[in-house]
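Novice: Encoded as structure tokens, here's the structure I'll be asking about.
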Amino acid sequence: MTDARKALPLDLSLENKVKDLSQADFGYKEMQLSEREMPGLMELIAKHGAEKPLKGLKVTGSLHMTIQTAMLIKTLYELGADIRWASCNIFSTQDHAAAAIADSGMAKVFAWKGETLEEYWWCTEMALTWPDGSGPDLIVDDGGDATMLIHKGVEAEKNPALLEKSYDNKEFQIVMNRIALSMKNDPGKWTRVAAKVRGVSEETTTGVHRLYHMEKDGSLLFPAINVNDSVTKSKFDNLYGCRESLADGIKRATDVMIAGKTVVVLGYGDVGKGCAHSMRGFGARVLVTEIDPICALQAAMEGFEVVTMDEAAPEGDIFVTATGNFKVITGEHMERMKDEAIVCNIGHFDNEIDMAYLEDSTECSCLNIKPQVDKWTLKSGRSIIVLAEGRLVNLGCATGHPSFVMSNSFTNQVLAQLELASNPDLERKVYILPKKLDEEVARLHLARLGAKLTTLTDEQAEYIGVDKTGPFKPDHYRY
């Protein structure tokens with residue numbers, strides 16, 4: 001049964017909670033290093049910094065607390081926002097980045113690498129709660145946890161019977177314990193908070209799925225902007241970012257030689273495409289699993305072998321999940337894997353791999369090799385190496401995507417926040433940024449790569465029916 005006593009109490013007198021403030025100087029140095037690689041954010045500061053369009057607005061961030069995110073926070077701060085921040089993953093915080101932001105005073109930060117799930121949800125609620133008990137005007141979300149906590153809180157306030165139940169999902173039970181405590185200490189909190197939220201901008205595929213589901217069933221409580229499906233996010237962060245950061249995570253964790261190995265990539269969306277091409281670039285034989293015939297055909301025509309997981313389980317040396325679905329690697333699959341096969345996930349949540357099978361079985365045992373690297377002995381007698389406890393391998397075992405590609409994503413995030421700030425009367429729907437802004441994000445990053453655009457003549461623009469300054473493609477165009 002849900003039990004408020006199991007939730008960590010909020011302490012609104014806390015300015016910050018990070019692992020080690022003495023790491024702030026290191027964080028500042030890395031932030032300075034990333035500036036040149038994040039031209040989109042720097043341009044937004046130059047363009048909007050003087051007018052402070054976010055002045056007087058409270059912003060909650062629930063997004064990986066990395067050096068790149070520190071630059072996003074700096075941008076929001078320079079635009080006038082009052083900011084509180086938590087990470088959206090228990091392993092993704094870079095403690096020197098959190099220390100630098102906490103020390104700078106640009107935001108109140110509640111994040112450290114290696115949080116427990118109870119601590120994680122405490123941090124999320126701390127980021128959503130100002131000292132006077134009020135909540136945010138705007139939310140920057142990644143995976144939808146901050147948005148979900150508000151929605152589940154409102155749902156429980158309307159139907160307290162939800163708190164009388166027990167939940168099989170361990171993490172969801174922790175969420176409900178958290179909500180039970182907030183309802184005990186501050187009745188009506190979540191309904192009050194939700195009513196003041198102007199909107200949320202969502203970073204990733206998983207969070208966007210949640211938003212569209214709520215929009216469809218009529219439960220979405222405030223407007224949302226789908227940042228993930230901006231072309232300059234999904235076709236860059238998801239594809240090119242994963243193409244570099246996946247290998248970084250696997251190699252830092254295991255020092256394994258990828259060349260000559262068989263790598264199984266589950267899912268061939270934008271993230272899966274980046275992963276498959278990365279592994280092939282390192283010399284691996286790559287197998288792909290897919291449910292979508294279009295994505296499967298794309299993979300096959302790129303020369304990848306498209307198989308089922310039942311076929312791939314005994315073949316793979318390294319397994320990478322990138323589906324956004326759950327239990328795509330089951331206990332049965334793991335039992336059939338090679339001895340010491342490496343299993344990791346680059347989707348947002350930890351349920352793509354059936355970690356419960358490993359954790360709940362008395363016949364499976366775990367030996368921790370080093371942080372975020374566990375050797376699980378299976379019923380079969382063989383072992384597998386699980387990275388980051390099934391959570392994001394690129395952020396759990398390395399430092400995530402490079403600064404340049406994150407500048408694309410985070411420039412979209414800031415533009416989305418500006419749209420929400422300047423349009424307080426939007427309907428409770430999921431929006432996407434207009435094509436003109438998408439093209440502008442790309443334009444801001446060209447000079448850093450030495451790229452130069454061709455300019456249409458008046459006659460050429462008229463011939464193809466576009467404005468000389470864009471947009472150059474219709475909304476339905478697939479890049």
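Any Cβ shown, glycine's included, is placed from N, Cα and C.
According to Swiss-Prot, the feature substrate binding site maps to Thr66, Asp142, Glu203, Lys233, Asp237, an assignment based on sequence analysis. For 204-206, Asn238, 267-272, Glu290, Asn325, 346-348, Asn394, the entry in Swiss-Prot reads NAD(+) binding site.
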Novice: May I ask for the distance between Asp142 (substrate binding site) and Thr204 (NAD(+) binding site), taken between their Cα atoms and rounded to an integer number of Å?
Specialist: 6
Novice: May I ask which residues of the same chain, at least 6 positions away in sequence, place their Cβ under 8 angstroms from the Cβ of Glu290 (NAD(+) binding site)?
Specialist: Gly267, Tyr268, Gly272, Ala296, Ala299, Val306
Novice: Please give the maximum pairwise Cα distance, in Å and rounded to a whole number, for the substrate-binding set Thr66, Asp142, Glu203, Lys233, Asp237.
Specialist: 18
Novice: Tell me, how many other CB atoms lie within 10 A of the CB of His348 (NAD(+) binding site), whichever protein chain they belong to?
Specialist: 23
Novice: Can you count the other CB atoms that lie within 10 A of the CB of Asp237 (substrate binding site)?
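Specialist: Other Cβ atoms found within 10 Å: 27.
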Novice: Quick check for you: of the binding-site residues Thr206, Gly269, Ile346, His348, which have their Cα within 10 Å of the Cα of Asp237 (substrate binding site)?
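Specialist: So the list is empty; none.
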Novice: Under DSSP, is Lys233 (substrate binding site) helix, strand or coil?
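Specialist: In the DSSP reduction, Lys233 (substrate binding site) maps to helix.
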Novice: Of the binding-site residues Val271, Ile346, His348, which one sits closest to Glu203 (substrate binding site) when you measure Cα to Cα?
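Specialist: Closest recorded candidate to Glu203 (substrate binding site) by Cα: His348.
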Novice: By the count of other Cβ atoms within 10 Å, pick out the sparsest of the binding-site residues Gly267, Gly269.
Specialist: Gly269
Novice: Quick check: of the binding-site residues listed here (Thr204, Gly269, Val271, Ile346, His348), which one has the Cα closest to that of Lys233 (substrate binding site)?
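Specialist: For Lys233 (substrate binding site), the spatially nearest of the binding-site residues is Thr204.
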Novice: Take the Cβ of Val271 (NAD(+) binding site) and count every other Cβ within 10 Å, whichever protein chain it belongs to.
Specialist: 28
Novice: Fewest other C-beta atoms within 10 angstroms of its own C-beta: which of the binding-site residues Thr66, Thr204, Thr206 fits that?
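Specialist: Output over binding-site residues Thr66, Thr204, Thr206: least Cβ neighbours within 10 Å is Thr206.
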Novice: How big is the gap, in Å, between the Cα of Gly269 (NAD(+) binding site) and that of Thr66 (substrate binding site), rounded to a whole number?
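Specialist: Between the Cα atoms of Gly269 (NAD(+) binding site) and Thr66 (substrate binding site), the distance comes to 25 Å.
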Novice: Cα-Cα, whole number of Å: Thr66 (substrate binding site) versus Val271 (NAD(+) binding site)?
Specialist: 20
Novice: Specify the count of other C-beta atoms within 10 Å of the C-beta of Ile346 (NAD(+) binding site).
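Specialist: Within a 10 Å radius of the Cβ of Ile346 (NAD(+) binding site) lie 30 other Cβ atoms.
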